[in-house]
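Asker: This is the structure I have questions about; it appears just below.
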Amino acid sequence: MKPESGQALFHVALASCLCVATVHTGIFEHVSVQVGYEYYAEAPVTSLPAFLAMPFNSLVNMAYVFLGVYWLRSQARAPGGPAERRRARYLKDVFAGMALVYGPVQWLRIGMQTQPTAVLDQWLTLPIFAWPVAWCLCLDRGWKPWLFLAVEGLSLCSYSLALLHPHGFELALGLHIAAAVGQALRIQGRHGNISSGTYLALGVLSCLGFVVLKLCDHELAQWHLFQQLTGHFWSKVCDVLQFHFAFLFLTSLHTC
């Protein structure tokens, strides 16, 4: 493993551990989250252990791990010398590390159905959407480590909105999605090509599917197509796809 890859994974692990420790202090114990099988259209199978009680909604989270491993093993490409390639590898591997962490965290939420795991799942979603913003800023303004720290720090702090209002997380997530799409459109206009534009369009469509399918989980269950593989399951598929297309979009800009 390259030193910058190890550094990227260490930074992701450190930030994740700090989030876990913060959640377990109880500071977010009054945050409104959905806990319980009744919030999912997939019927739990009582004969299975808790971590597989909703088998499809549980196992789909392995896709994040596979995605993270795939991109962690992929080669980073960037114009310029070794320094530029090291920076491109760090950017890519932080994002891959986030995918590696996010899959197990979501599985914990599905399997345990506790308030702390639900909070952790919500909280870690925000810096994942913030990383493409930081990546785009790096492509546009050059390598500025303090900028990464500022973007991710602001993203993590934005979860405090969940303490102020029952829908504070949804507001924070909406702002993150808008910022990520806005930065991607801006960087596409300045540095993109047809290929990167295609990846961006597919990523935005996947993001739309991720949001709509999750919100309509119970409504879609009225249709036979969504009774076994529910809206929540397909929203996770769309989430993995938007992750993948974000990788393709951002890494393609390094070679434009």
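Just so you know, glycine gets a Cβ as well, placed from its N, Cα and C.
Residues or ranges marked as transmembrane segment in Swiss-Prot: 8-28, 51-71, 94-112, 119-139, 146-168, 193-213, 233-253.
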Asker: Can you work out whether the transmembrane segment (94-112) touches the transmembrane segment (8-28), with the criterion being 3+ CB pairs under 8 Å where the paired residues are 6 or more apart along the chain?
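Answerer: They are in contact.
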Asker: For the transmembrane segment (233-253) and the transmembrane segment (8-28), does the number of C-beta pairs under 8 Å, pairs 6 or more apart in sequence, reach 3 or more?
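Answerer: No; fewer than 3 Cβ pairs under 8 Å.
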Asker: Short question: which residues 6 or more past the ends of the transmembrane segment (119-139) have a Cβ under 8 Å from it?
Answerer: 15-16, 19-20, 23, 28, 31, 33, 87, 91, 94-95, 98-99, 101-102, 105-106, 108-109, 147-148, 151-152, 154-156, 158-159, 162, 169, 172-173, 176-177, 179-180, 183-184, 186-187, 191, 243, 246, 250, 253-254
Asker: Any residues 6+ beyond the ends of the transmembrane segment (193-213) with a Cβ under 8 Å from its own?
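Answerer: Hits for the transmembrane segment (193-213): 177, 181, 184-185, 220, 231-232, 234-236, 238-239, 241-242, 245-246, 248-249, 252-253, 256.
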